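A.B. asks: I have a structure here, written as C-alpha cells, and I will follow up with some questions on it.
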Amino acid sequence: MKVGFIGAGKMAKALCQGFISTGLINKSEILASDINPSKLKEISRLGVQTTSCNREVVKKNDIVYVAVKPPLVREVLREVSPVVNPSNLFVSIAAGITTKTMEEVLPKGCRVIRVMPNIAVVVQAGACAYTPGTSAKNEDVEVVTQMLTCVGSVEEIPEELMDTVTGLSGNGPAYGFITIQGLADGGVKMGLNREQSTRLAAQLLLGAAKMVLGIDSHPEQMKDEVCSPGGTSIHALHKLEKSGFRAALVDAVEAGTLRSKELGKLFNKTAD
Ligand SMILES: NC(=O)C1=CN([C@@H]2O[C@H](COP(=O)(O)OP(=O)(O)OC[C@H]3O[C@@H](n4cnc5c(N)ncnc54)[C@H](O)[C@@H]3O)[C@@H](O)[C@H]2O)C=CC1
Ligand SMILES: O=C(O)[C@@H]1CCC=N1
C-alpha cells in the first residue's frame, strides 16, 4: 500500500510510526510533504520519502492524508486540485473541517473521508473515528478502516458528532497525560520516587481502560468493587467528587467540542 501525507508534523509522524510498526505499510512506500524543511528532515528519520511539493504527493499516491492545521486545509486542497485524479482518496484529520468543505474545494466527485484520530496511534492504541464524504465508496471506507484498525480502535460516527469526538478522544491523550502527572505527583508527595510513581499511575489507567473495554460490566460496578466499606478508596473518591472531578471532565469535553465547532465556523467558510 502506498500512502501520502500533506503536512509532516506531529500527527503525520505519529500515524507513519504506527503504520510502519504494524508492518501494514513499508516505510519506503510513504511520501510526506511539508513547507518546513526541518519537519521533512525529522520525518525522514523514520525512513519515509519526503518532498517539499504537495502536488507530488497527490500525483504519486492514491491515498492522501491531509495533516495540516485546520486553517490551511482549504489552501492546500486548492493547491493540489489541478493534479487530482480519479484514483485519489483524500483523508483529512483536521479538527472542525467538514467533508463538505473538502468536496467543495476538490474537483467534483472527489472521494474524501474525514477522520479524527489521536496521538496514541504512535503506539497502536489510538481511538479513531471517521465519517465518509458523499462520493466515498465502500472500498474507501474499508481501506481506511483497515489502516486505522492497525493503529487503534475505529468507530464510524455521523459527521455532526465529529466535533464531539474531537473534544473527547482527539484531545483525550492530553487529559490522560495530566491525569497521570497529577496522580504521580500524589505518589511523590506521599513518598514514592518520580519514576516508580509515574509508572504506577500510567499502568493503573491502562488497567482500568482494559477492564472497561474487556469485561462486560458497568464502570460504576467496577468502581464499587474497588471501594471497600470504610476503606481507602472511598475516602479518596470522596475528595475527587468534592473537587468536581467528573464535572471537570464533562466541561473539558464540552469545551473541546465547542472549540472544534468554532474552528469549523472559521475555516469551513466558502467566501473565497
Ligand atoms: N496533535 C494531535 O494530537 C492531533 C491533531 N489532529 C489534527 O491534525 C492536524 C495536524 O496537527 P499536528 O500534526 O498536531 O500539527 P503540526 O503543526 O505538528 O503539523 C502540521 C504540519 O503542516 C505543515 N504545513 C504548514 N503549511 C503547509 C503547507 N502549505 N503544505 C504542507 N505542509 C504544511 C507544518 O509545517 C507542520 O509541520 C491538525 O489539523 C489537527 O487538527 C487530529 C488529531 C490529534
Ligand atoms: O488541539 C488540537 O487542535 C488538535 C485536534 C485534536 C487534538 N489536537
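Glycine is no exception: its Cβ is also placed from the backbone N, Cα and C atoms.
TrEMBL lists these features:
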{"type": "BINDING", "residues": "ILE6, GLY7, ALA8, GLY9, LYS10, MET11, ALA67, VAL68, LYS69, PRO70", "note": "NADP(+) binding site"}
{"type": "BINDING", "residues": "ASN54", "note": "NADPH binding site"}
{"type": "DOMAIN", "residues": "2-96", "note": "domain 'Pyrroline-5-carboxylate reductase catalytic N-terminal'"}
{"type": "DOMAIN", "residues": "159-263", "note": "domain 'Pyrroline-5-carboxylate reductase dimerisation'"}
A.B. asks: Taking Cα-Cα distance, which of the binding-site residues ILE6, ALA8, LYS10 are within 10 Å of the residue listed as 'NADPH binding site'?
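C.D. replies: Hits: ILE6.
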A.B. asks: Taking DSSP states H, G and I as helix and E and B as strand, how many residues of the domain 'Pyrroline-5-carboxylate reductase catalytic N-terminal' (2-96) are helix, strand and coil?
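C.D. replies: Taking each residue of the domain 'Pyrroline-5-carboxylate reductase catalytic N-terminal' (2-96) in turn, the totals are 45 helix, 19 strand, 31 coil.
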A.B. asks: Could you measure the widest C-alpha to C-alpha distance across ILE6, GLY7, ALA8, GLY9, LYS10, MET11, ALA67, VAL68, LYS69, PRO70, the residues recorded as binding NADP(+), and give it to a whole number of angstrom?
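C.D. replies: Greatest Cα-Cα span of the listed binding residues: 14 Å.
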A.B. asks: Run through the domain 'Pyrroline-5-carboxylate reductase dimerisation' (159-263) and tell me, per DSSP, how many residues are helix, strand and coil.
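C.D. replies: Helix/strand/coil tally for the domain 'Pyrroline-5-carboxylate reductase dimerisation' (159-263): 89 helix, 0 strand, 16 coil.
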